[in-house]
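Residues or ranges marked as domain 'HPt' in TrEMBL: C:2-106. Residues or ranges marked as domain 'Histidine kinase' by TrEMBL: C:283-490. Among the features that TrEMBL reports, domain 'CheW-like' is placed at C:492-628. The feature phosphohistidine is assigned by TrEMBL to C:HIS49.
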Amino acid sequence: MTLTVLAIDDSPTMRNMFSLALAHEDIVLHLAEDGAAGLDLLRRITPDVVISDINMPDLDGFGFIEAVRRQERFRTLPILVLTTEPGPELRARARAAGATGWIVKPFDAQKMIRTLRLVAGSGG
Amino acid sequence: MDIDAPPQSGGTMELLSFRLGADEYCLDIMSVREIRGWSRPTPLPHAAPHMRGVLNLRGTILPIVDLSIRLGMAGVSGDPRNVFIVVGHGGLLTGLLVDSVSDILTVPRSDLHPPPDIAHYADQTFIGALAVIGGRMIRLLNLAAVLPAPPAEAPPRPPS
Amino acid sequence: MPQDPLAEIRAGFFLECEELLETLRDGLAALAADTTDRTRIDTIFRAVHSIKGGAGAFGLDRLVGFAHRYEAALDLLRTGRAPLTEALLRLLDRASDALEDHVQAAQRGDPPPEERESILVELQRQLAPFMREDAAPKPQAASWELDFTPHGALYDNGHEPLYLLRALRELGARDVICAADVGGGLIAFDPARPALRWTLTLPAETAEADIREIFCFVEDLCTLTISRARAGPAPGETGPVPTVRVDLDRIERLMNLVGELVINQAMLVQSVTDSGAQPNSPVMTGLDSFTKLTREIQESVMMIRAQPVKPLFQRMSRVVRETAASTGKQVRLVALGEATEIDRTVIERLAEPLTHLIRNAVDHGIEPPEVRSGLGKPACGTITLTAQHQSGRLMIELRDDGAGIDRDKVLTIAVRRGLVPAGSPPPDSEIDALLFSPGFSTVTEISALSGRGVGLDAVRTAIHGLGGRIGIRSRPGEGTVFTVSLPLTLAVLDGMIVRVGEETLVIPLSAVIETAALSSQNVRAIGAGHTVLELRGGFLPLFDLGAELGFRAPRRHDDGGIILLTRHEDESRSALIVDAILEQRQVVIKGLHRGCGPIHGISAATILGDGRVALIVDPTDLLSRRHLSPHDMAMAG
């Protein structure tokens, strides 16, 4: 199945990195530049997996995840946070917000696709 | 019974009459499948002006021909009074957009005459027969000429 | 209407023959892999015997005669009185082809194929009394055992044990057992408390790191043990799954009804949403599960139409034998993943391009035996045909161990034909891809020189016609690999629903790479009304979908709007401007009426939730009519 990914990051560079890493035959990537734009897209599309940056203006990554998780239809949506430091403290906060896992910056394209497919259940 | 069939002597024919602008036209009722009220067709890009688009007819895609434009007149406005006459011809269904449906007439076949060969009538091949009944001029539509000529084969292409 | 009961039974017999012939070919293939497998000979013998018995009941004497002599030869092998040699196996294969011809001749009432008799004569000549011992079974290595109990927090964080199990299945997991812990009895059972536990086995050769990687996010959210099992025998082969024959018409009707159900379900969702129901209200939650169920029903119905690729592959093994015989080459076909399933329409339309590829591989890829021996290769060439599901598509791979593509010669011809400029050779992969260009199909000399290329553009056209893609790669001296990727069905499509002007359109998801907000900073005019999108230092041709289709005037680049990056059949890219993304979902493909004529840029239509028709855009076709092709742009950028 085609994997639909919503990636949220306020940095154009990171959005470009996502574009490059996820330019894959069976991936459709939606890019949003902040949490609000991400929530707006979620009203219209149901992605298979969401990747969100943490440090963003207005609505940060944790706030975004909590807002998504509060919606019944996204209770089981896999959400990954993008972080430079996957330390225990971050993991605990991400878990508390309802994150499914984390992706470490700078990321490796192959590993990221494997991770996305793993949490979204799309092949191995 | 098909309008293209050689005219048979004797008997009567039932015709559905409808209006296009100020004129009255008829169709052999045997080729009419149903009449549907107005709804906006989905336009087809870069189509001929008389191809008004397509409609959903119980799960199949029905092409819509604006009969008025097809016969060289101004288009049907497209308002709630307008109707689609769904006709079957050559195994295919097509919706004909007309201003309104008026009547069902029973006409003796002997009263139907081939149209005169008047060269300046652009639409003459569209008219299969003429009759004057009770002072009304009846134009019997030649469906085969009106409907879009189907290309040899155009199966749906699965998008890549 | 009363039917001749005998005619019906006779028809049933020929259907049974098809199954028996399949069993026969299976058995022969298994026998080729392991010539010591006596149970296979039994199976083969029984299949031929059953055909003979049935044929006798209908007085099909010529078929009975052939089957009887084939059976007699098999009996010598079955009772161990004759050894099974490679030469004998090839004869048995050809005899099975001949038996199939006999069956078909009998079914049509034609005279039987005379020339096939020589095969039996040769078969009988080769058989001599002999005995042979069975080989001992191989010992088994220790496999991995896994014990996995998810905690509640695993579910709360959006994890799905099913996905982890699927990933384990990719690693070869088997014997998956799920146990429910209802310790205090059902009265005390708390449905909110996770109670499921899975145990499973993984192949011994699996790397532990690969297993651990699957659990990387959940190690702290579950109880997990991974350990080596004690050595034991491999699990026995499972028996055949019981099947039932169903009229194709009934399945078609069911398909259509399910298609209507999908449309109705979408209409219902829309009207409930329009009525102002809150996203988390019981009615919306109920509708969500209804949507999921509908989709599952649709997928299940698709699976009914789906058939294993096995009969197709078996036909290919015949093509290999016949082409090899006519070219004087020795080639064997190894078929893998024959149980992989795909819509039967796709199977039917795949036979021709696949036959073409196989003939091509035997005729031009595999070298003559003496050449191969001189190169230190086995005299008998191998063609490997593999089918597997991957990311919701069927992947077919055709690999030969022949000479590979002679790129120097391909390039010489391409330059002469003006397909590539002289002096700057493109990368190898692009040279290989040149074989698919129409310019090559007319070149006869390439067949004499290095081979590949004859009619490969026709193969590509056929594959594209199925919504598929084909690729090629090759290593000189080692062989060539063709990969074909196909959608599993032609009846539905994953689409992105967009709005342009007043119209709603569907873009196939397979053509969409990404979406982003349109920003005027990235748009450049390059004259003659053409614009390009600046993207990461490169330029892509930019088209306004609404204006292209004549649905509205081109929109301004600074007041919203969405960019869709699309991918074309030739792997080039372009960008489309749409007004808004409405949703992303599966749509039922409806063919456009022949009376509509071919419409540039539109491949088919679908019916939306509100009952209106939406057109399905074919981005490649849409842009092919522009003078400026995406390829030219890539050069310009």
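In case you wondered, yes, glycine gets a Cβ from its N, Cα and C as well.
From a predicted model like this one, the values you see are computed outputs, not experimental measurements.
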Stretch-averaged pLDDT - the domain 'Histidine kinase' (C:283-490): 82
Assigned conformation of the residue listed as 'phosphohistidine' - DSSP reduced to three states: helix
The residue listed as 'phosphohistidine': tally of other CB atoms within 10 A of its CB: 17
Secondary structure content, the domain 'HPt' (C:2-106) (per DSSP, counts of residues): 88 helix, 0 strand, 17 coil
